[in-house]
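Colleague: Below is one structure. I have some questions about it.
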Amino acid sequence: MSWQSYVDDHLMCDIEGHEGHRLTAAAIVGHDGSVWAQSATFPQFKPEEMNGIMTDFNAPGHLVPTGLHLGGTKYMVIQGEAGAVIRGKKGSGGITIKKTGQALVFGIYEEPVTPGQCNMVVERLGDYLLEQGL
């Protein structure tokens, strides 16, 4: 299976039990910042934004004072799982990022998708990739 099909079929798909509800954007990005696959709507990010995200995974809380920036959008960092998941909020939407051994799985959402639904979609794929040694 190609990385693009993971994005298309597992991240940008309808959310279970909520036909028509799906993430706004999604991507799988290597720890080095190289994009493995992304939805057409995933924002163009700057290397320093990805560096900040990786730093927060290695030193949890790093982004709390400044916020998480991706594609010029600032998200307020909310409770996550230290070293494993970063969650951010902006207005009626937000972002979930799951770290695997080699990649970061990104999901961006807006209402009517809920934070919990985004977390479920992103973390399920991230957990699967971890199980596969990725």
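Cβ coordinates come from backbone N, Cα and C, glycine included.
The disulfide bond feature in Swiss-Prot is assigned to CYS13-CYS118. According to Swiss-Prot, the phosphothreonine annotation covers THR114. Under the heading motif 'Involved in PIP2 interaction', Swiss-Prot lists 84-100.
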Colleague: Could you break down the residues of the motif 'Involved in PIP2 interaction' (84-100) into DSSP helix, strand and coil, giving a count for each?
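Modeller: Breakdown, helix to coil: 0 helix, 13 strand, 4 coil.
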Colleague: Just to verify: the residue among CYS13, CYS118 with the fewest other Cβ atoms within 10 Å, which of the disulfide-bonded residues is it?
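Modeller: The disulfide-bonded residues CYS13, CYS118 were compared, and CYS13 has the fewest Cβ atoms within 10 Å.
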Colleague: Over the motif 'Involved in PIP2 interaction' (84-100), work out the mean pLDDT and round it to an integer.
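Modeller: Average per-residue pLDDT within the motif 'Involved in PIP2 interaction' (84-100): 98.
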Colleague: Quick check: in three-state DSSP terms, what is CYS118 (disulfide bond)?
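Modeller: In three-state terms, CYS118 (disulfide bond) counts as helix.
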Colleague: Looking only at C-alpha atoms, tell me how far CYS13 (disulfide bond) is from THR114 (phosphothreonine), rounded to the nearest Å.
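Modeller: Per the Cα atoms, CYS13 (disulfide bond) and THR114 (phosphothreonine) stand 15 Å apart.
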